[in-house]
Amino acid sequence: MQREVGPQVAPPMFLHQIQPLPPHATAAKKRGNPWPAAAVAAAEAKGGGNWNPRMWDWDSRALTAKPSSDALRVNAGLSHHQQQQQQSPPAAAKAAEALRQGGGGSGGLNLQLGLREDAATPMDVSPAATTVSSSPSPPASSAPAQEPVVRPSKRVRSGSPGSASGGGGGGGGGGNSGGGGGSYPMCQVDDCRADLTNAKDYHRRHKVCEIHGKTTKALVGNQMQRFCQQCSRFHPLSEFDEGKRSCRRRLAGHNRRRRKTQPTDVASQLLLPGNQENAANRTQDIVNLITVIARLQGSNVGKLPSIPPIPDKDNLVQIISKINSINNGNSASKSPPSEAVDLNASHSQQQDSVQRTTNGFEKQTNGLDKQTNGFDKQADGFDKQAVPSTMDLLAVLSTALATSNPDSNTSQSQGSSDSSGNNKSKSQSTEPANVVNSHEKSIRVFSATRKNDALERSPEMYKQPDQETPPYLSLRLFGSTEEDVPCKMDTANKYLSSESSNPLDERSPSSSPPVTHKFFPIRSVDEDARIADYGEDIATVEVSTSRAWRAPPLELFKDSERPIENGSPPNPAYQSCYTSTSCSDHSPSTSNSDGQDRTGRIIFKLFGKEPSTIPGNLRGEIVNWLKHSPNEMEGYIRPGCLVLSMYLSMPAIAWDELEENLLQRVNTLVQGSDLDFWRKGRFLVRTDAQLVSYKDGATRLSKSWRTWNTPELTFVSPIAVVGGRKTSLILKGRNLTIPGTQIHCTSTGKYISKEVLCSAYPGTIYDDSGVETFDLPGEPHLILGRYFIEVENRFRGNSFPVIIANSSVCQELRSLEAELEGSQFVDGSSDDQAHDARRLKPKDEVLHFLNELGWLFQKAAASTSAEKSDSSGLDLMYFSTARFRYLLLFSSERDWCSLTKTLLEILAKRSLASDELSQETLEMLSEIHLLNRAVKRKSSHMARLLVQFVVVCPDDSKLYPFLPNVAGPGGLTPLHLAASIEDAVDIVDALTDDPQQIGLSCWHSALDDDGQSPETYAKLRNNNAYNELVAQKLVDRKNNQVTIMVGKEEIHMDQSGNVGEKNKSAIQALQIRSCNQCAILDAGLLRRPMHSRGLLARPYIHSMLAIAAVCVCVCVFMRALLRFNSGRSFKWERLDFGTI
């Protein structure tokens, strides 16, 4: 009132009138006194990014932040200090009451209450911002430093558990809001009874926990059912197709709706705000008319309460007549000479329209008024005819739209109305997209953009606030096929090469991919030198976007099975990734990367945010944003405003789709969220190859952000550390000594960081052989799990996994370091190298194995630490059997007995969760034939481990999953394979040494398809030693004795009394259980002592005498003079030649 009366009085009195205002500001400052002034000033200067990680406990799996014990103690002290302060003045009390009551509104209010005169931004009192804590609230500027209570994930609807009589606009939790006084909302699955008091509003409303909402099978009402993602209720399994998350009925309806237009966003764009009363009524009539038509043809009737009611045909005719009367003076010169409707808009008319239109809304309405010649002609037709049919009316409106849409779209694509006429005419001559095609399909309007025009002028950002009406009307009045879906996002960029003389280059949007330009071409050195920072002014490919845009890429419409989520149906190749196996039965290292889940990282840097501003349903929003593709997901936060690193395991096709359409996906994230966490402020999103920035409705895609000085880890040693021990890691990679580089390590939801010291020699800063060290603290409670080692410099870098396990498993995993250190990373800037990277190389295969093993160890550690049967069993249950199969094959092929045993123990724990999982696990183990593989490799240690592995069931019964008589292909058992292999005595010994002695019993009785036993196989291949070994074991078992081979002699140990009392008592005292122990101990106990007999022992004397006798005889014969009766005497010395 004072500001309205002020101009009527003298200036001194006006200044005197506003004197009562300062007490309000003083009261606000007095309320802010209990908070540390330095902390508040620092928070305002830093934009909320100077928060202390020790004050928050972060759940890396649920993506929720809670105040730590230190924060609770600090808040308790502050609350006690606040109670001793003076009560706030009445004006401030009224303001606080207004804040509390403002949360009950439907959309929230932006109020400037005068508490701070210097505050330029209005105070947000929307339900998401009016969080009430247990203690009196500080001023809004210091609110982030305070612990909030659980806020609702969405506005609570009537009838939901969160809207029960709890009062006050609800915190979303509701406590016992599900029913009566002492009850609480619980999951409807049999034997679950999960408390949904603190669960999301969606889960409380539908009475299903998060786990059973995603599982493929659940027992509900003594019947196996599955939760439908679209119906939000359970259906029998017979109503679902294999691999589908929605029932067939809803999928069929989705397929029908998919072929129609989606006018939801168009209708929301066309609505004029209620406070814009200065706009002309004719513009309101045009917009409302087209809005009604959009509502008639869509499936969203009743979803938008602000849309006017549907009039009958008489009212529509009256509106058109009104428009005709307004433009009667101008319609004669612009109407076509023929009374028939001309669906082809002339080029000259479009050119004039382009010259007259601008980006502002007022000039756009003028363009709409000048393009109503179709309405004028048809209005005359209405006077001549009787009541026209509905199809005739829709034809008239489509004609008018055909003549009005090119202006708006062209204005949108051009970005400015002062372009030269030469460029416009040239653009129209080379782009026939504005002309309706000759096949009489539905009208399509696309923007025309010249290549040179787009390259010469600098990019411009088109910002569309929520309160403004977009200056374009991308509306189709008739149903169309998939080919007719326009993609407005790509139009300006797709036709940059439209001047090409090759007709194949000028493809229509219906046959072109969503983004045809190359965001990351091969860069020169000069380009890399220019792009040295990721700052806000970096050269970017700026695409015109607004919050109202929801048009998904064209290629995504080809899927007819998965439900539409956030306005974008997923790619059809997703389902094949879910059902595909991770590796081959014979060679796991030759599997294709497309059939495996890839582990990657998405980083969000949120400016001006801190953990208190993170919504409670952040995990659900990210999962919905990624179209439920992630199989695994973890997140870690650290200061620097708020840096959220998301590690996800998704199919390779999902990663590729995200990289190709990151700009559009970020728009979907902002528009699909109901919270201001994404909509307001500024944030960056980084994947492995792209960077997108968002600020106040404008989205940018970085043209090239990876530079030649980007730090990159190529090797970490050791790759496996013992849990609970302090370890020093050696990091190798590129550009690790650049100033500003930091090393981070994820640990139990927090980060351990280290600043890299700059190299003393400037010439060695940018090199490919940097070496750094990083010390791990060795947390005692962390026995099994995984670290992620990250390097970062200016929001660029990569990560490397490190496994946490026991010493024996770490020793086996460290054998992979040779494979990792010997190979190099693939440079993704080259197309050829990127194509070759599609085939997993040895290093990629090792990293994939470490990532998968890390996900499993994380789940196993969580289940072990929690010691909750329900949560732990269900947690491991979602680690698929196919992924277990891959890990078992990879480990067993390398003869890692310790790791294989650990994996089998975790698998056994998982299989005990349900009978179906047990059956599925046994089928998987029977398919991969681990024992057969060990026999072929002649791995006696692995074979002995497998045949002796036992699973103890809940009823104390024992199950041996690896039996030596299990028949494989052709009826061959592991015994047959061992009998046919040479030098496999140890393998036969291990197979016939199983606890149940099945191997001994089946050596003669197990037959293959040809009726041959293992004994026969051994005889045919002259492996008689195997039969002798088995026969000796059978005799020993029959006689209750043990046979030990010492050299080539057999020593029989009769356990019934054949051995001396001394030896017998010694053996019984040692309780020999293993044949190896028997051989070692009994060889020392039973070997007779050999007394030294010197050199005159009898065997030596006999040999020496024999040799001496032979030597004497030879010498006598050779030296004697021989005489013969005939001939002269013979002497050996004169022997030359002659006869004897």
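Heads up, the Cβ atoms here are built off N, Cα and C, so glycines get one too.
Note that this is a predicted model, so its numbers are computed, not measured.
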Cys228, Cys231, His235 show up in Swiss-Prot as binding Zn(2+) 2; which entry in Cys209, Cys247 does that record put in the same site?
Cys247
Among Cys228, Cys231, His235, Cys247, these being the binding-site residues, pick the one whose CA is nearest to that of Cys209 (Zn(2+) 1 binding site).
Cys228
Can you tell me how far the Cα of His212 (Zn(2+) 1 binding site) sits from the Cα of His235 (Zn(2+) 2 binding site), in Å?
13
If you take the centroid of the Cβ atoms of Cys228, Cys231, His235, Cys247, the listed Zn(2+) 2 site, which other residues of that chain have their Cβ within 8 Å of it?
Arg226, Phe227, Gln230, Arg233, Phe234, Glu239, Phe240, Ser246, Arg249, Arg250
How far is it from Cys228 (Zn(2+) 2 binding site) to Cys192 (Zn(2+) 1 binding site), counting Cα to Cα, in Å?
18
May I have the DSSP-based helix, strand and coil counts for the residues of the motif 'Bipartite nuclear localization signal' (244-260)?
11 helix, 1 strand, 5 coil
In Å, rounded, how far does the Cα of Cys192 (Zn(2+) 1 binding site) sit from the Cα of His235 (Zn(2+) 2 binding site)?
18
Taking the Cβ of Cys231 (Zn(2+) 2 binding site) as centre, how many other Cβ atoms lie within 10 Å?
14
Quick one: give me the count of other CB atoms within 10 A of the CB of His235 (Zn(2+) 2 binding site).
18
Quick one: mean pLDDT on the zinc finger (184-261)?
84
At the Cα level, what's the spacing in Å between Cys231 (Zn(2+) 2 binding site) and Cys187 (Zn(2+) 1 binding site), rounded?
17
Take the Cβ of His212 (Zn(2+) 1 binding site) and count every other Cβ within 10 Å, whichever protein chain it belongs to.
23
Nearest-integer angstrom distance between the alpha carbons (Cα) of Cys247 (Zn(2+) 2 binding site) and Cys187 (Zn(2+) 1 binding site):
21
